[in-house]
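Asker: Dropping a structure here in structure tokens format, bear with me for questions.
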């Protein structure tokens, strides 16, 4: 609701949507590079901007069962990764509220 | 009121026959004669002479039919009225005499001088004025001396008191310098260079004031011709107003009580008008005799404030983000999240026939900004990083602007240059781009310090004011002139008609009014809600007396611009934000607002006549409708819809 401009990030390295270059996250909010998505390598981020979150679904992953939402670019609607709502395994709960972006769907923008 | 009897015993009676000229009568400055007892309680007297029936038509022929002399009326005290606040009678009467003379009631003025015993000014003053206007420079200088040193009529004392700590000799020399300067310029203008040089050397230089000005004046010797001289000296010549202007300057050196400033009464009345206008919070009427009568205090009727929704334009199928009136005030353009822009026609505001004339639907992203060309033949729309040009007569997109040179990120603002030679666009890619009127790329500001979210050009074409994320700043010839770092995001900027003020919306519920001349914050407006959305505001009403803003709480807010007083909180729009507001440029009693509720509302004063014409027009896409509503509260919308809309 209401008119908003997309958020523009400041920082040394900014990751954007490979399709439309919309700013998504900075390297400062990156927590881990050791993830895998549907398209290969994926990064875990503390915060991601300019995304639309989908409906929550339960998904079995290599590290156990999670409730996740797909996230897509607010401009071009490309699905870029997902957000963890809930991790069923106690050891995986550090991921809750964090985001995965697939490396192959990102570009460096400035 | 009482009519005084003729008091022939007064020593100061004067015959009207002797004072028919425009100049002041020859009454001396000596005080009033002994009281003849003809004072009355309120000091309000009416002369018994019938000489006042002579209109201005007989002024100048000097013929008096009755030949009756006017007796001086002696009054007690010095006040105009014995009770109430003090107004000096002599000052008042002298101003009345001045006003009478100014409009040509010469005889009345003379009569009043005779009857009151007050003269508008001493003969020396009018003589002095005459000398200046007739270019009798040496006489004028002598007269100035007399005004300064003649002690018999008390002028010297007044003069001395007035100038305070500044040595009067110095002031006198300054005054002489101004007279000499005029003399010098007139000689130069007449081509009498040698004489002019003499004035410079023998009269101006020895005064030893204003050395810089002396150098400047001597430089004018080099002027090729009189036109060049007048231009460089910023002086309009002997036949222009320069001598009158000189008088105004010299006025500073003579106490106002001796030489009354020109049109003093009128100045005071204008001040009263201006005061009344400031007190009038709902002020929205032009400065004519109807609205401003001397007979009573001015007050605009609150009921004619356009606080009532008179039409709802409901064709957009998503949030309406921006609106812009055409310059002729008969079209409104709207920009929507539904990726279209609409041009609405308002053929005749009295019929309130608002038609969606064209739906402009080629954009692939929501439309965020709009700009009408000065002749209203072209509409620009911005959606994401794309700018399109539309023919407003046909509704056809005539051009998609060059994306190579264009913006890489969202275009946030479009604004035509006030001279119509082109337009500029500002974007979130930190760029401000200049385009010609055909839409060709001309120039780019390169990277600015801000991501531009809105910009505006001052009507005098001297400044571009751009606001954006992180900073608000001004641009003049691409140089940052002023920069105001502000917290939060700035979403809207508008410029006042006089190019002086910038109205800026920012997140965290604040609207700032910046004085661009002083670079200071002039006022804040508070009440509206703005947290995360782009909310726009505008000036409105006659002289931009109102400030209007949208709000995230769905209301429209109206303030008095001069004071920042919140005048109106207008409900009516549905859920979501009121995103933008726009005052009709040709109708000071109409504005429009647009909202997340997909609609645009037109606001006017309440309809006077019941059952005014109501229309229901389909848009060109066939599913829209224009609704009419007569009640302004908006609460009762559906019933109003049913009651007022015909099939």
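Residue numbers in this text run from 1 along the chain shown.
Glycine too: its Cβ is placed from the backbone N, Cα and C atoms.
Curation does not apply to TrEMBL; its annotations are automatic.
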Asker: Which one of these stretches, B:583-610, B:611-638, shows up in TrEMBL as region 'Disordered'?
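Answerer: Here TrEMBL associates region 'Disordered' with the stretch B:611-638.
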Asker: Pick from B:1-48, B:49-96: which stretch is listed in TrEMBL under region 'Disordered'?
Answerer: B:1-48
Asker: Looking only at the repeat 'WD' (B:313-347), what are its DSSP counts of helix, strand and coil residues?
Answerer: 0 helix, 20 strand, 15 coil
Asker: Near the repeat 'WD' (B:575-604), which same-chain residues lie under 8 Å Cβ to Cβ, leaving out any that are not at least 6 residues past its ends?
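Answerer: Same-chain contacts beyond the flanks: 284, 304-314, 316-325, 327-330, 332, 334, 336, 344, 349, 352, 354, 492, 533-542, 546, 548-552, 554-556, 632.
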Asker: Hey, which bits of the same chain come close to the repeat 'WD' (B:313-347), Cβ under 8 Å, at least six residues off its ends?
Answerer: 353-361, 363-372, 374-376, 379, 381, 383, 390, 392, 395, 534, 536, 576, 579-587, 590, 592-602, 619, 621, 623-627
Asker: Taking helix as H, G and I and strand as E and B in DSSP, count the residues of the repeat 'WD' (B:360-400) in helix, strand and coil.
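Answerer: Residue counts for the repeat 'WD' (B:360-400) by secondary structure: 0 helix, 24 strand, 17 coil.
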Asker: Looking at the repeat 'WD' (B:404-436) alone, can you tell me the average pLDDT?
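Answerer: Overall, the repeat 'WD' (B:404-436) comes to a mean pLDDT of 93.
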